Structure formats: structure tokens, C-alpha cells
Amino acid sequence: MALVDEKAMNTADVTAEERVKQLENWLPITGSRKAKWWYSAFHNHTAMVGAGVLSLPIAMARMGWGPGVVVLILSWLITLFTLWQMVEMHEMVPGKRFDRYHELGQHVFGEKLGLYIVVPQQLMVQVGTCIAYMITGGHSMQKVHDTLCTNCPAFRSSWWIVIFAAFNFLLCHLPNFNSISAVSFSACVMSILYSTIAWGASLGRGVQSGVSYAIKANSPAAATFNFFTSLGDIAFAYAGHSVALEIQATIPSTPEKPSKGPMWKGVIWAYIGVFICYFPVALLGYYVFGNSVADNVLVGLEHPRWLIVVANIFVVIHVVGGYQVYAMAVFDILETFLVVKLKFPPSSLLRFVTRNLFVVLTMMVAIVIPFFSSLLGFLGGFAFAPASYFLPCVMWLKLYKPKPFSLSWTVNWACIVLGVLLMTLSPIGALRNIILSAKDYKFFS
């Protein structure tokens with residue numbers, strides 16, 4: 001879905017080049033290249049930290065202390081390594097920037113194959129995350145209402161998802177990535193705050209009487225499948241790679257000062273934030289509640305009421321910002337396709353209709369699908385693992401061709417093997433949980 005391929009760029013006349021430049025200036029990813037390094041920090045943090053952090057304690061309960069801690073640490077290290085690779089590959093060709101994940105894929109695998117490999121994975125991550133955020137935002141708003149007004153009539157979850165969608169209807173019309181910077185920064189701050197509340201309030205409750213750290217399962221088979229599901233939950237927590245190149249595209253670049261410098265500085269700070277959010281929530285949430293911890297750790301916290309209300313409000317603000325970060329990348333793909341392939345003229349009307357329809361679509365799917373934890377596990381393994389854990393390694397091996405059995409070659413292949421195992425195993429456990437719980441689902445609830 002690149003606007004024009006490299007051969008076309010070399011032979012295009014000036015008018016065609018101007019049209020391409022005008023279109024790039026209109027599209028949301030490349031419309032503004034004035035971002036600073038700290039934009040990279042909070043955009044990447046907002047993209048990475050999200051609904052998945054609140055499911056990490058239940059993932060620990062399904063894996064146990066040893067495997068759980070190992071998987072958490074490995075995931076943090078592997079995804080930081082693969083994100084570094086993407087930052088480096090953004091401008092690996094002199095004079096050219098791969099502003100979108102699929103553009104890098106096309107350079108590595110070819111124009112058509114690159115699209116077929118990258119775009120489906122990327123869209124599953126981005127659209128899947130937006131749907132999950134719709135569900136999380138609606139449920140958190142419902143939790144605020146139910147906590148503040150215990151005697152009020154109960155509203156169905158679907159109504160809260162519609163209310164949450166209303167905020168995104170308004171914000172989705174911000175034109176480009178840099179225009180959502182304030183929203184993204186707010187989301188970044190909120191994620192740190194509600195994560196701190198989650199582990200702080202858990203610790204304040206103290207270790208529960210009769211707490212057990214035995215694997216949460218009724219049988220060895222169930223323990224195995226739950227372990228697989230938890231792998232997907234953790235993979236979901238590292239979904240930010242699908243928008244990494246798009247974030248880097250907003251940073252100015254010159255031969256003297258390439259964008260990878262400020263981008264990598266921002267990534268380091270973002271991953272420090274990820275560590276601060278993920279590890280205390282996962283480890284302390286499991287330490288306090290053991291294998292009785294709720295799917296969403298905030299759901300299991302009832303007191304003090306005001307603090308739980310504040311935490312859920314922070315969650316709502318964060319997932320609004322996270323939704324916009326992922327949606328902006330989807331808008332770029334959709335608007336490129338409509339203008340380049342279907343020949344629609346770029347206009348405010350096209351943008352208005354396209355973006356509203358996307359918000360409606362994600363809202364409707366969120367209303368129809370009544371499950372949360374299993375959905376994260378399924379998407380986390382099937383779609384998120386390739387984009388974050390091993391596809392950058394495949395691209396790196398193909399482009400740089402390190403010597404067999406060298407350090408670079410060994411590390412990349414280790415990441416690929418672990419990533420493929422994650423992609424293969426985690427959807428199995430999640431799909432089993434969905435099937436077993438299907439009888440209790442109430443669609444449009």
C-alpha cells in the first residue's frame with residue numbers, strides 16, 4: 001500500500017511527485033514532522049501500556065511465580081530489542097524513510113508479499129486493540145457509576161460502551177498524529193497513575209487470609225491451557241510495535257540528525273514507564289490476592305471507594321488516548337487506500353465519513369463481544385506476537401544477513417523461535433476458554 005514504488009518515484013514527472021507530496025502532507029502519519037523526542041516517549045508509552053496491564057496479575061496466577069516472572073522479563077527484553085531494530089531500520093536506505101510498518105515490509109519482502117505479510121497483522125493489532133479499549137472504557141465507566149451510586153438503576157454494559165465511543169467520535173477528527181499529542185500525553189500520565197493505584201491499593205489491602213499461589217486450574221490439562229492463555233495476555237501488553245514506525249515518522253530527520261536518535265531516547269523512557277507500570281502490578285497484585293485475583297485487578301478492589309473511582313476514571317482517560325493512537329494508524333491505511341486505490345479525492349468529507357464509520361464498527365463489535373480476558377489472550381498470541389516479537393527479527397536477518405551463529409544471528413533466531421511458540425500456543429488456550437464460557441455469554445449485554 002505504499003503510495004508509489006521506488007521505480008515509479010525515479011521515473012515520475014514533477015507534477016506526479018508534487019501530488020505524492022501533497023497527499024503525504026494530508027495523510028495523518030506524515031502530515032506533520034515536528035515531533036520532539038518526548039513525543040516518542042509518551043506516544044510509545046501510551047501505545048504499549050493499556051488494558052493489558054490490569055490482566056497481568058491473573059496471568060501470573062495461571063503461570064505461577066517462576067514461569068510468570070521469567071515470561072515477564074523475557075517479554076520486556078525481547079520487545080525492547082525488536083523495537084530498537086525497527087528504529088534502526090526506519091532510515092536504513094539513505095534518503096528514504098519507511099514511515100509505515102508495511103512500507104518496511106514491502107522493502108524487505110517485495111511490494112505485494114510485504115503487504116500480505118504486514119498489513120493483516122498490523123490491522124488485527126490496531127483494530128483489535130481499539131475494540132478491546134472500547135470494552136475496557138465502557139466497563140470502567142460502569143464501575144465508576146456502580147461504585148458511586150449503589151442504589152441507582154443498573155445500566156447495561158452496551159450503553160456505557162456507546163458513551164465511551166462518543167468521546168472517540170469527537171477526538172477521531174483531529175487531523176494527524178501530532179495533533180493528538182496532548183491526548184496521548186494525558187493517557188500516558190493516567191496509565192502511570194492508575195497502575196500505581198492498582199498495585200498500591202492491592203498492597204494496602206495486605207496479603208489476603210488463606211492466600212494460595214498454587215496454579216489456578218482444576219486439572220493438569222486446564223493448567224496447561226491457562227498457561228497458554230496467559231502468554232497471550234502478556235503479548236497483548238506489548239502491542240506498541242504496530243505503530244512504532246508511524247510514531248517515528250512524525251520526528252524530523254536530516255542526514256546530520258536522523259530521527260532514530262530522538263526516537264530511541266523516547267523509547268528508552270517509554271520502556272522505563274512500562275517497567276514501572278507492569279512489574280509492580282503483576283507481582284504485587286499476585287502477591288496480595290494469589291490465585292483468587294480477578295481478571296481485571298481493579299475489579300477486585302472495592303475499598304476505599306473514592307480511590308477505586310479515581311483509578312477507573314484514569315483508565316477511561318488512558319484508553320481514550322490509546323484508542324486514538326492506534327486509530328490514527330488505521331485512518332492512515334484507510335485514507336491511503338481510498339485515495340490511491342479507489343481514487344477518492346482527499347477531502348474533509350472523506351475523512352469525516354471514514355473515521356466515523358471506523359468508530360461505529362469498533363463500537364458495535366465491542367457491544368456484541370461480551371468477553372474480555374480470553375479475547376486478549378487470543379489476539380495477543382495470534383496477531384500481536386508476530387508484530388512485536390519476531391517479525392522485526394525476520395526483517396533484520398533478511399536485510400543485514402549476519403554471519404551464522406554470530407551473536408546477532410543467534411539472538412534474532414532465539415527471538416523468532418520464542419515468538420513463533422507464543423503465536424502458536426496462546427490462541428489455543430484462549431480459544432478453549434471462549435468455548436467453555438460460551439454458555440454464559442449474553443450478547444448485546
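Glycine is no exception: its Cβ is also placed from the backbone N, Cα and C atoms.
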The annotated transmembrane segment range in TrEMBL, which must be one of 182-201, 382-401: 182-201
Of 37-56, 68-87, 182-201, 309-331, 411-435, whichever stretch has the most CB pairs under 8 A to the transmembrane segment (113-136): 309-331
Top partner of the transmembrane segment (157-176) among 68-87, 267-289, 352-372, 411-435 - counted as Cβ pairs under 8 Å: 352-372
Per Cβ pairs under 8 Å, the stretch of 68-87, 267-289, 309-331, 352-372 packing most closely against the transmembrane segment (411-435): 68-87
Long-range neighbours of the transmembrane segment (352-372), counting only residues six or more past its ends (CB under 8 A): 127, 130-132, 134-136, 138-139, 157-158, 161-162, 165, 168-169, 172-173, 295-296, 327, 330-331, 334-335, 338, 434, 437, 441-445
